[in-house]
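For reference, the structure is listed below as structure tokens.
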Amino acid sequence: MPTIIALDVSLSMSRPIPNQPSSTGGSGSAESDNMVTFHHLAVQGINYVLDYLTKHARLEYVSLIIYSSLYEVVVDFTRDYDSIRNALHKIEHYDKTCLENVLVAVNNAFKAHWGSQNYCQIIFITDCGVGMGPSSLKNTIINLQSYKAACAAAATAAAATSDGSKTTGTVGSNSAAIPAPGENQWVGFSYPSKLSFMCLGSLSTDSAFRCGTKLYMQLLEVSGQKGQLFIPRMKMKQEESGGSETPPTTGDDSEDVMRQLTRASALESFATMCDINYRQFEATLRCGGYFRLEEPVTVWPAPLPYTARDVLGAETTKLMSRRLEVCGFLRMSDIGSPMSVSRHLILPRNVGSLVVGSSDEGGKPSTNGGLKNGHGHSSAEERLEADIKAFYAKSDTADHHQHEDHGLDGADVNKESVCVLLHGALKVENMAALVLVGDNWYGFIYSYADGKKKWNLMLNVLPPGSDVVPWLGDLRYLGTLEDAFQGENPSFPIKADKRSYSQTIVVWIRHASLQSDIQKVLRHAKKLPEKTQHFYKELNRIRRAALSLGFVELLEGLAHIFEREISTLPLNASPDCSMQLTHAAIELRKTNNRDLKSVIHALPTQYNQLA
């Protein structure tokens, strides 16, 4: 899930934030150097986002773009966040803001690297400047509304054309043509994405900022783009000294003087954005019925809701379950390459309550059984395992010198991991685990190499349903080899009862294919009467294919070829040969044989023994 950070570097971002506490006793130049500007808050916010990704999503690819009236890709997609931090110190300010140019640039840059199927997080950091002139945000919204209205009119015309008569086909096709957007016109992103605007300003004290946020919100509504505006929550001055927080500002002018934009409120909005957009998907991976074969994991990137549309147009949204159940194992060669919805990494999640075999305060091993996801169990199986571990722990302390904190350290080193066990088994056996990720929704977990030495546990999510891999059959009915009935072949692939293709299909994409079919008919014609059945079988096959394609001229061409072959037959040829060729030429020219269900039969003669 790549991320694009677009930083506004227009002149308005170099303004100092209002209502800053002034330092006394210093020179004017020193005070100007210590003034915090909107650009400083933006840089600190970007550093906060990078620190958050380093801690929670270090595999995220990030790109940095700066824009004013033009744009520049400062850092391309990378996982080296230090290069982005270093580039932030070399940024200069330019002229006015032009949002449409950078929106088009972001759309093209992402498609060039990742295509149109991946999900992208787009973060704009700005003071909500709207620009001026033809490139202003207001004109961008007007042009976008005009384009949407033209597309709606074209769709209405297309629906009316399809419902009405087909006599005005040319006029309908021209009226139903969808207009193409301009070269630098933004009409929305052509890939799944979320657009987040980090708005730096005060709604209560800055009227231009209030107007800008309304236009930015209108841009999201008109374009239909999934997105959100994050506005710093203003605090009263007395709250800066430790008072309780107040609700978000509503623009009350009576408290305008008391409210101010601060570094804390700006970073708070960045923290809110990170928590919403980069929230980890935490789940539990369970492999079998044994209580130890269960571990909390993190699925990265977080799976998106899957929306399916049926024939009638009704949409159904499904969410992945927080409990991943391993149902069985299959060979990788049997699975092949099925269609998938998304791919994710399975990463083990460290939970403090999962430490197994920890010591109590007295240094003695705990005898209350293990813990399973933080919940105690008291089954006989768990108590037996706890007693066995306690027995071996006593023997180890008797033979070796132990430190006081040996219990916790030993538990951390020797802690069981289902991910490590599953990854090692799948890698060695070259197999994949069939996992249930939701209600009638499956996926495959397998070992994946991201380089020569980096091996990961990968989750390949299939489309919802149990019969989505044809050569495996219904996934609900898979079983072990021991469950197969006597005389049943349990191997893959599963043979379908009704094939989706025909073996007698005729393909004439190239002229050589048509030529070879005609030559085959002529070869059978020269061997009449022995090849009478084969001759008419191939003749009817070609005739049906020509009629299906509307290639009626081929029938007349075959009749001419047969008449020419009669004149070129050798003297020792059978008389039945010329009789059958003449009969075939006459039948091909008859209009009642233009039906696909009709069949041309052989002419009974004394030579072919059909009379």
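Cβ atoms are placed via backbone N, Cα and C, with glycine included.
For 241-251, the entry in TrEMBL reads compositional bias 'Polar residues'.
Assigned with DSSP, the residues of the domain 'VWFA' (3-127) fall into helix, strand and coil as follows: 54 helix, 29 strand, 42 coil. Here TrEMBL flags 3-127 as domain 'VWFA'.
Look at TrEMBL and you will find 278-353 (among others) tagged as domain 'Integrator complex subunit 14 beta-barrel'. Here the domain 'Integrator complex subunit 14 beta-barrel' (278-353) has a mean pLDDT of 82 out of 100.
The domain 'Integrator complex subunit 14 beta-barrel' annotation in TrEMBL covers 400-465 (among others).
According to TrEMBL, the feature domain 'Integrator complex subunit 14 C-terminal' maps to 506-608.
Positions annotated as region 'Disordered' by TrEMBL: 236-255 (among others).
Look at TrEMBL and you will find 357-379 (among others) tagged as region 'Disordered'.
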DSSP composition of the domain 'Integrator complex subunit 14 beta-barrel' (278-353), residue counts helix/strand/coil, works out to 6 helix, 38 strand, 32 coil
DSSP tally for the domain 'Integrator complex subunit 14 C-terminal' (506-608), helix/strand/coil in that order, comes to 67 helix, 0 strand, 36 coil
